[in-house]
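All remarks here apply to the structure that follows.
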Amino acid sequence: MDEGKAAAQKSVQTFDPQKAPKRNKFAFACAILASMTSILLGYDVGVMSGAVIYIKRDLKLTDVQIEIVVGIINLYSLIGSCLAGRTSDWIGRRYTIVVAGGIFFAGAILMGFSPNYPFLMFARFVAGVGIGYALMIAPVYTAEVSPPSCRGFLTSFPEVFVNGGILLGYISNYCFSKLPLHLGWRMMLGVGAVPSVILAVGVLAMPESPRWLVMRGRLGEATKVLNKISDSPQEAQLRLADIKAAAGIPEDCNDDVVQVTNQNSGGEGVWKELILYPTPAVRHILISALGLHFFQQASGIDAVVLYSPEIFKKAGLESDAEQLLATVAVGFAKTVFILVATFLLDRVGRRPLLLTSVGGMVFSLLTLGVSLTIIDRSRAVIKWAIGLSIGMVLSYVSTFSVGAGPITWVYSSEIFPLRLRAQGAAMGVVVNRVTSGVISMTFLSLSDKITIGGAFFIFGGIAMCGWIFFFTMLPETQGKTLEETEGSFGKFLAWSKSSGNKDSENNAEIQLAN
């Protein structure tokens, strides 16, 4: 009898699901420090939305000049993004973060002391290069130090800090708006140097990426880092074996330092494999990553974030204070919902969250277009339309932040194979920043030509196309190691086939258990 109970109890324990591992505190701290680089972009985006009101008045600029000074930093950041892939393969992920912080520090100081428009454009160039470095390296480093059990949670941190930086920029606008005209906007821009100093100090406590160390043949150091950032010693060994296989190092090689001959650690030949002669899986990965970045920005998020005061002005808010306060509300909404997203990524999965998010964006954009069109064509003040416009702006940034915002960076940083990851991530950033630059440098002119409501109808249509692209092209990557993820790509609609195979395997296991 006792033996029967013991056997039954053992059988129940065998089929009990394993408890989820606790968050790795060291990996958590590394992700936070690396992700702080994203504050640089967020602060610049947020602060420029309000600073341009006063820059335009102080330097007597036209709308076209304002569009250029706001949006050109996205194109300048391409230089940093293109350099960052090679730099991170050369000096390592950690010191590339230092380079990003140092360049942006110089740019922020120069912007704060800008005496005229040409000097301000030069300062924006310097800051843009730093932002390009930061955009590329933060998600790559975070993905490479994160254990699979919480990679989505940790890799979403860069987007969390982007939103935090945007909110800080909005608050800075409101705080310094009371200063004299010539001083206020310069203080708004110059204060952006502070996060880069904190970042440079914090990097000293971070380890190097274990994947970069293996690429360089430094297995002893990589093993020590993996033991710190993994949920268990067994997981550390498995991750090391996967990385060694990806780098072309024999599994039985356990020397502290080895010569890596099969892996091109400097990045040569990578572009051929990515663009000229890709395998079906690599081609699918590249299209998915670039499509994610394109649709994230083409749906108009930077137009809303950068020109919130202008949108609220068109919606019926007349004073600077009202416009800036409403803009602060946008920053709070984005920050709150990006925090919600961090806890959902590893529970719900990437696909369901992304598709739900983009569906909400489509609804918000089209409704915003309708309400702004009603306001634009009405001679009387329509309070319900004003309230609906403000509500739809908040709804749009909230639905964006709960899915499309963080998942773009999480997904694109985890799907590229190790040998292509730095350059692949850099290409994604290039598409992201070019698209953002085009949107932010044309939004005011587009609104003048087809009305602001018409602009949001276009953004809504683009977001709808994005939903279809995501549904057909993106397989789920939740819970897979970075080395396993490549196997999910290579066939159109492969997600449905792999899902069906997985269901069949689960059904077979259940039948065997019965």
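Heads up, the Cβ atoms here are built off N, Cα and C, so glycines get one too.
Where the annotation comes from TrEMBL, it is an automatic prediction and has not been curated.
Annotation comment: TrEMBL describes 26-54 (among others) as transmembrane segment.
Taken from TrEMBL, the feature domain 'Major facilitator superfamily (MFS) profile' applies to 30-478.
Summarising the annotation, TrEMBL assigns transmembrane segment to 66-83 (among others).
Here the transmembrane segment (95-113) has long-range neighbours at 34, 37, 40, 80, 84, 87-88, 119-120, 122-131, 133-134, 137-138, 141, 186-187, 189-193, 196-197, 199-200, 203, 206, meaning same-chain residues at least 6 beyond its ends whose C-beta is under 8 angstroms from one of its own. Annotated transmembrane segment per TrEMBL: 95-113 (among others), in sequence order.
Per TrEMBL, the feature transmembrane segment maps to 119-141 (among others).
Look at TrEMBL and you will find 153-171 (among others) tagged as transmembrane segment. Residues of the same chain lying 6 or more positions beyond the ends of the transmembrane segment (153-171) and with a Cβ under 8 Å from any Cβ of it are 23, 27-28, 31-32, 34-50, 138-139, 142-143, 145-146, 188, 192, 195, 305, 324, 327-328, 330-332, 334-335, 338-339, 341-343, 345-346, 401, 405-410, 413-414.
If you look up TrEMBL, you'll see 183-206 (among others) marked as transmembrane segment.
Here TrEMBL flags 324-345 (among others) as transmembrane segment. Listed as Cβ neighbours of the transmembrane segment (324-345) (distance under 8 Å, sequence separation of 6 or more from its ends, same chain) are residues 46, 49-50, 152-153, 156-157, 159-160, 163-164, 166-167, 169-171, 173-174, 177, 304-305, 308-309, 312, 317, 353, 390, 393-394, 397-403, 405-407, 410, 478.
Note on the transmembrane segment (351-372): residues 295, 299-300, 311, 314-315, 341, 344-345, 385, 388-389, 392-393, 395-396, 398-400, 402-405, 407, 411, 451-457, 459-460, 463-464, 466-467, 470-471, 474-476, 495 of its chain, located 6 or more positions outside it, place their CB under 8 angstroms from a CB of the stretch. Residues or ranges marked as transmembrane segment in TrEMBL: 351-372 (among others).
Look at TrEMBL and you will find 384-411 (among others) tagged as transmembrane segment. Using a Cβ-Cβ cut-off under 8 Å and counting only residues 6 or more beyond its ends in the same chain, the transmembrane segment (384-411) has close neighbours at 139, 143, 151-152, 155-156, 158-160, 162-163, 288-289, 292-293, 295-296, 299, 301, 304-305, 308, 311-312, 315-317, 326, 329-330, 333-338, 340-342, 344-345, 350, 353-361, 363-365, 367-368, 371-372, 374-375, 378, 432, 466, 474, 477.
Only residues 6 or more beyond the boundaries of the transmembrane segment (450-471), in the same chain, are considered here, and those with a CB under 8 A from a CB of the stretch are 291-292, 295-296, 298-300, 303, 311, 314, 351, 354-355, 358-359, 361-362, 365-366, 368-374, 376, 404, 443. Residues or ranges marked as transmembrane segment in TrEMBL: 450-471 (among others).
Stretch with the largest number of CB pairs closer than 8 A to the transmembrane segment (119-141), among 26-54, 66-83, 183-206: 66-83. For the transmembrane segment (183-206), the list of distant contacts is 29-30, 33-34, 36-37, 39-40, 43-44, 47-48, 50-51, 54-55, 58, 94-95, 97-98, 100-102, 104-105, 108-109, 111-114, 127, 130, 165, 169, 172-173, 176-177: same-chain residues at least six beyond its ends, Cβ to Cβ under 8 Å.
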